[in-house]
């Protein structure tokens, strides 16, 4: 009775419990199969190799793909079942691959008559020897698919059938239908056909245009031959009909319907005679305050130190200009362009013809004829300024037969610079013969670039000499950097220098950084005094000195001159560029100005940031239009003649002006330097001294510590973090990779870190 009650009370399992048990059973089975597949995939032991070979026996060399597919299905079978066409697409692709692999095996080993036996032999050999080296084709499944397919379509046809299966499986898996793919290719073909028709039509139009131009050219040549035949006939008097003799010349104007008027030809004005000055007659003696030193009498140099100018006769150029005017008008007429030469200005190196085109003539038609005009005029080169700024004319600059040298003394005498403006510098003569000067304080920095021998260094010497002619040592100070060691070394020991001329490129970056520090110090001083720039500060000093017996020294202007920027950029590009950019952005109000010169005007030397902060440029002759665009942002410098011929583009003008720079000889420079040295000794400022640098040290070495200025900071960082790597120093100290590597070497030599151990991190030896 009790047993009957017990059987009645036994509860039957619910549907949910049965499903849970079924799910656990499936999960355990899937897990077991997955473990076996992983053993087979990684060939773990004899069991793993045997399992892998058994799978190879079934699917051949696609065993890894089968294992991967089974693993994915075991773990994502619920999601896979919901995806329509995914399983069928995969099996279709797999069947295509099995066919291709089996066909390749048959072709490779010549198994046409024993496909099954040969396929099994490939795997059985590996199975008995616990190897997995031989190629197994498509396995037994591949054999089963290959035999009927090869019978119907041959071995080669099997490749096509396999490819079709792969394509069909891909379509089953992808969300696109056959119609979508067909429509895609149809649209692509339609676009290609439309483009092909358009290109065909364009070629037809071009052929017609070439034929029309050829016909016009032939007509023009026939007309020229007819005109030449008429010109070869002897001249005849229109009233008497008699043939004129050779003594009579008919004056035929370029355009018969207008009366030809000879344009105005302007020669440079004759040189003005200046009376000889007695030494000291117009120069005032100035008391200079050298702080702790005694007051010194200083006399500004006079023009008598420079060699007198030799007069230049350019009268023969006038005859050449008259001939060139007619050649220009006739050449333009031969191209169907009607122009009139309104004016011709004879300059030191070029003659500028001002041409007025007729109404309706496009300016670019004239600009495109530069090479044709050079050919007609037998000129070295022709530069066209189209149009001349401020005029409705086009300028055509043609080189003179002889270049008239502009001496420094001549330019200085003709310039009308103000004595109180210390940085107003005569730069050269314009085409019309007038002296052109620029104010460096308004530039506020100047870039001078040109190829070797174009006059760049002579221009830099002329700028320095111009400042020395007007400024006392307490008014203007120089920082000169000359990596070539021969251009600016003559100025050593003059009292205007802050430090001796820097010739070591490794010192130059530190010297420029000293100037940056001085700029920051001046701005702090301006903030304390309550002024905005150096002019306001010096006015405050004069006001204070007038009211107090304790005299203060005004701040001098500082001019930084770098004669070869390319050498500095090769040694320490990042540090030099950073210093130049900071000075270019902020130094103007602090009374600091830069003159940067280089003979390699490439983008890796004159970077975009340097150009953005040095807006005033002087371009001498360069070899290509690319170099001209690097300097001036436009072509033109490649057509210059050299020997001081330049294009000057100040900050306040949109187009460059052509000038002939002044020539100052080495003897003239030595005379003015010796004159200044005889009056005062050099008074170097130790705060600008960049220190000593050894030959084998990097560009950041200094004479005191013999190491990088950031060494102590890098040492503290490594000890604090107990980690040492170049990438960490580069990131935390914001330095370049090369400098970070040098810091790591210094830390190793100092015993802070251990040596490198391959890929292992360095050990930090100090706690």
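Keep in mind that glycine also has a Cβ here, set from the backbone N, Cα and C atoms.
TrEMBL annotations: computationally assigned, not manually curated.
Per TrEMBL, the stretch carrying the note region 'Disordered' among 685-706, 707-728, 729-750 is 685-706. Among the ranges 33-53, 159-179, 180-200, the one that TrEMBL lists as transmembrane segment is 159-179. Check TrEMBL against the ranges 13-31, 89-107 and you find transmembrane segment recorded for 89-107. Residues of the same chain lying 6 or more positions beyond the ends of the transmembrane segment (159-179) and with a Cβ under 8 Å from any Cβ of it are 85-86, 88-100, 103, 149, 153. Scoring each of the binding-site residues (450, 453, 455) by how many neighbouring Cβ atoms lie within 10 Å, the top position goes to 450. Residues belonging to the domain 'FtsK' (433-629) score a mean pLDDT of 89 in the model. Outside the transmembrane segment (57-77), and at least 6 residues removed from its termini, the chain residues within Cβ reach (under 8 Å) are 30, 33-34, 37-38, 40-41, 90, 94, 97-98, 101-102, 105, 119-120, 123-124, 127, 135-142. Proximity of residue 456 (ATP binding site) to non-local residues of its own chain (separation of 6 or more, Cβ distance below 8 Å) is seen for 448, 449, 450, 597, 599, 620, given in sequence order. The binding-site residues 452, 457 differ in how many other CB atoms lie within 10 Å of their CB, and the one with the most is 457. Other residues of the chain with a Cβ within 8 Å of the Cβ centroid of 450, 451, 452, 453, 454, 455, 456, 457, the ATP site, are 599, 620, 621, 642.
For the binding-site residues shown (451, 454), fewest C-beta neighbours within 10 angstroms: 451.
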